[in-house]
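Reviewing the structure listed below.
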Amino acid sequence: MPRHTNESAFWRRCPLCGFINLVSMENIGEQVVCLIAYHLLFAMFVWSYWKTILTLPMNPSKEFHLSYAEKELLEREPRGEAHQEVLRRAAKDLPIYTRTMSGAIRYCDRCQLIKPDRCHHCSVCDKCILKMDHHCPWVNNCVGFSNYKFFLLFLAYSLLYCLFIAATDLQYFIKFWTNGLPDTQAKFHIMFLFFAAAMFSVSLSSLFGYHCWLVSKNKSTLEAFRSPVFRHGTDKNGFSLGFSKNMRQVFGDEKKYWLLPIFSSLGDGCSFPTCLVNQDPEQPSTPAGLNSSSKNSENHQFPAKPLRESQSHLLTDSQSWTEGSTSLGKGNAGMSNPALTMENET
């Protein structure tokens with residue numbers, strides 16, 4: 001004789017995973033809410049995941065590549081002043097400000113280009129990636145300027161998805177240990193589902209929390225392990241503009257796109273506003289037109305090169321973005337970088 005329906009729940013096969021799931025919600029409203037929440041989280045999770053995978057990482061534009069004549073000079077001349085002179089001419093109008101650990105200009109031998117700020121050469125992809133964060137094996141792609149927002153949303157929605165599953169499965173997991181479930185093989189699916197969702201929730205929460213901290217400080221994973229080097233030396237907060245503008249640099253100005261895996265990051269990935277805490281004596285003084293803020297910026301540096309339009313407005317907003325009582329102005333257009341030296345760095 002089959003058990004009475006009041007003594008046990010009925011069973012249904014899940015169309016997504018094929019597991020036998022226990023359905024015991026008697027309230028229709030609760031069922032509808034759970035179904036909508038589940039499929040919404042699942043859809044956003046899949047959308048952001050595929051955007052992270054399928055979005056190609058951006059590479060430096062042609063202006064950062066050496067010309068054929070410059071490449072010939074680098075190959076023909078012995079290393080030394082001749083190489084430095086070639087790179088001076090090539091880099092004088094480029095929006096670069098970071099250096100190698102020895103203070104040399106960041107040049108990639110494999111790609112034969114001058115690296116933009118925050119750009120690094122990926123040994124897996126064998127190319128230079130703009131604002132490279134890391135190469136992620138889970139998405140089989142480099143996480144950088146073009147897909148970092150998608151990666152963050154992927155972590156966020158996967159975490160919410162796992163938390164939702166763990167939360168809705170918790171009551172049945174408790175019944176499993178109190179013998180409150182029917183004695184069928186399906187109850188082991190309940191135990192496995194809860195453990196899997198809970199373990200992924202713990203690992204994802206740590207990773208997502210870490211990247212939220214990186215965004216709040218305007219750092220990449222590589223910059224967190226090795227601080228960027230500027231003309232005056234290492235500065236771990238050189239790119240930080242304050243929490244609000246750091247967020248906007250990744251997610252964009254329009255908040256309606258923040259939770260959607262649609263590209264809305266500011267800039268082109270080749271130039272970034274900087275906030276330097278030490279004065280560089282070789283750089284020009286405060287640009288004209290910023291006298292009103294000069295009192296607070298006497299000991300702070302401005303970008304050595306003109307920024308792209310979508311990045312420059314971060315420096316010109318009337319709202320204060322200072323972090324640690326710092327101020328920032330707009331760099332002079334066409335400003336050159338004197339006394340550059342070259343060191344191979346891949």
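Note that Cβ sites are derived from N, Cα and C of the backbone, with glycine treated the same way.
Remember, TrEMBL labels are computer predictions, not curated facts.
Model, not experiment: these values are computed from the prediction.
Lifted from TrEMBL, the feature list:
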- 277-300: compositional bias 'Polar residues' (COMPBIAS)
- 312-339: compositional bias 'Polar residues' (COMPBIAS)
- 105-226: domain 'Palmitoyltransferase DHHC' (DOMAIN)
- 277-346: region 'Disordered' (REGION)
- 28-50: transmembrane segment (TRANSMEM)
- 150-168: transmembrane segment (TRANSMEM)
- 188-210: transmembrane segment (TRANSMEM)
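When DSSP labels each residue, the domain 'Palmitoyltransferase DHHC' (105-226) comes out as 67 helix, 18 strand, 37 coil, counted as helix, strand and coil in that order. Note on the domain 'Palmitoyltransferase DHHC' (105-226): its mean pLDDT in the predicted model is 91.
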